[in-house]
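Q: Reproduced below are the annotations present in TrEMBL:
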type: TRANSMEM; residues: 12-31; note: transmembrane segment
type: TRANSMEM; residues: 43-65; note: transmembrane segment
type: TRANSMEM; residues: 94-119; note: transmembrane segment
type: TRANSMEM; residues: 139-161; note: transmembrane segment
type: TRANSMEM; residues: 173-194; note: transmembrane segment
type: TRANSMEM; residues: 214-239; note: transmembrane segment
type: TRANSMEM; residues: 251-274; note: transmembrane segment
type: TRANSMEM; residues: 294-320; note: transmembrane segment
type: TRANSMEM; residues: 353-378; note: transmembrane segment
type: TRANSMEM; residues: 384-401; note: transmembrane segment
type: TRANSMEM; residues: 421-439; note: transmembrane segment
């Protein structure tokens, strides 16, 4: 029997849940890594421009489609495209659904790493040396233990639904995440070398802002940071009350998400320079050593130079990262769960466990083929699929959605300006970025 549709009970609950979905590792891990590898302040400047010109309108279009349809992305896009090609809309929804499963598959692996590294300082402090070494080892056994643990933890929240699960836990986890982030920034800022990191992060090199690689990286990161292109925001938008102001909600979510990304950079990039001041090698040929292994290689070496207090700092940091991981896995899991419930009549409980099992299998494939598959998935997914799906959503709202599109039917000047911006400017800007990269 199909479930009665759940929903968010408050604006704050929605903003924290949507921002939690957006924040995740895309901000606290991905954003600082991209910034460090693309000129620091130059990347930051381009990132903010992309957020304002493209990512914020894309966030609005996803929330707007979901809110109007009050349905999961497959149904919502099919409904929006019914005047032109309902099948095309549904196909796009399925692509987003597949993307959500792929994203969740590698997110759950990384989330498992975070949880293991959060427990490692505790094991070290208690004298359990073998356990501590196991927790920080890159072994198949560790990955096959902690990936399912994070999936089960996510499922336990999803089982409770939107109001009692997603909203309640977002209201608990997001404030804790912000407090931990600020505490760590304050501490790292007192260490030798941090001032050089702040300078590298905040002062842009204007000669780099037109670099096509930097621009495409900033656009991909902006869409990844806001969880755009896979339907996370569409499904959350569908859980908003009918009278919700989607434009204001979009701005609130984007501001909170971008603020966390900015704060993450204030933590990670100065921490890199602190590590360098402590004798830790962090760069090679102008790029971060290991790039994706930044969190698990460079920073642990930094924490190790801080003695016993470094164990506490490491524990707090990886608890922060675990929370960020969890808020993202929650939103990614809700997309396929809602699809099974609404399109195939599943109850929430079997739908949740079926999705968890499917993602577990996909994660296992990535773990076994990690060396070549993990980086490929991240590159294709963040730099191409997410922006291209965002482009499609612009086309849907701007051109394909004829009947019942209040954005075009409204007589209010603000809505008319926004409708034309989404219809003309956003697609042109995105195509220009892709053309710039292709012609490089």
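Note: Cβ is positioned from N, Cα and C throughout, glycine not excepted.
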Q: Does the structure show the transmembrane segment (94-119) and the transmembrane segment (251-274) touching, where I'm treating 3 or more Cβ pairs under 8 angstroms (sequence separation 6 or more) as a contact?
A: no
Q: State the residues, same chain only, that lie 6 or more residues beyond the ends of the transmembrane segment (294-320) and have a CB under 8 A from a CB inside it; answer 'none' if no residue qualifies.
A: 28-29, 32-33, 36, 113-115, 117-118, 120-122, 124-125, 136, 177, 180-181, 183-184, 187, 268, 271-272, 274-275, 278-280, 282, 288
Q: Are there 3 or more C-beta pairs under 8 Å linking the transmembrane segment (214-239) with the transmembrane segment (421-439), counting only pairs at least 6 apart in sequence?
A: yes
Q: Can at least 3 Cβ pairs under 8 A be found between the transmembrane segment (214-239) and the transmembrane segment (353-378), with each pair 6 or more apart in sequence?
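A: No, the stretches stay apart by this measure.
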Q: Cβ under 8 Å to the transmembrane segment (173-194), counting only same-chain residues 6 or more beyond its ends: which ones?
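A: Same-chain residues near the transmembrane segment (173-194) but 6 or more away: 16, 19-20, 23, 28, 260, 263-264, 266-267, 270-271, 273-278, 313, 316-317, 319-320, 323-324, 326-327.
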Q: Can you name the far-off residues of the same chain, 6+ from the ends of the transmembrane segment (139-161), with a Cβ under 8 Å from a Cβ of it?
A: 6, 108-109, 111-113, 115-116, 168-169, 325-326, 329-330, 333-334, 337, 348-349, 352-353, 355-356, 359-360, 363-364, 367-368
